[in-house]
């Protein structure tokens with residue numbers, strides 16, 4: 001599983017939406033954490 005690099009949470013919205021179908025995500029330690037749909 002490739003880490004998605006980020007400088008801020010907004011960098012994660014599009015890639016996480018692509019992966020999980022939802023924007024719910026955060027940028028932690030310069031990589032994205034995708035939470036999927038809640």
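Just so you know, glycine gets a Cβ as well, placed from its N, Cα and C.
As given in Swiss-Prot:
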DISULFID  6-27  disulfide bond
DISULFID  12-32  disulfide bond
DISULFID  16-34  disulfide bond
DISULFID  22-37  disulfide bond
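Other C-beta atoms found within 10 angstroms of the C-beta of residue 22 (disulfide bond) number 14, with every protein chain shown included. When Cβ atoms from all protein chains are considered, those within 10 Å of residue 16 (disulfide bond) total 23, not counting its own. Ranked by CA distance from residue 37 (disulfide bond), the disulfide-bonded residues 6, 16, 27 have 16 at the top as the closest. When the CA atoms are compared, the disulfide-bonded residues lying within 10 A of residue 22 (disulfide bond) are 34, out of the candidates 6, 32, 34. Spacing of residue 27 (disulfide bond) relative to residue 12 (disulfide bond) is 7 Å (Cα to Cα, whole number). Applying an 8 A CB threshold to same-chain residues 6+ apart, the list for residue 6 (disulfide bond) reads 12, 27, 30, 31, 32. Within 10 Å of the C-beta of residue 32 (disulfide bond) we count 20 further C-beta atoms, all protein chains included. Look at the Cβ of each of the disulfide-bonded residues 12, 34 and count the other Cβ atoms within 10 Å; the largest number goes with 12. When Cβ neighbours within 10 Å are tallied across all protein chains shown, the highest count among the disulfide-bonded residues 27, 37 belongs to 27.
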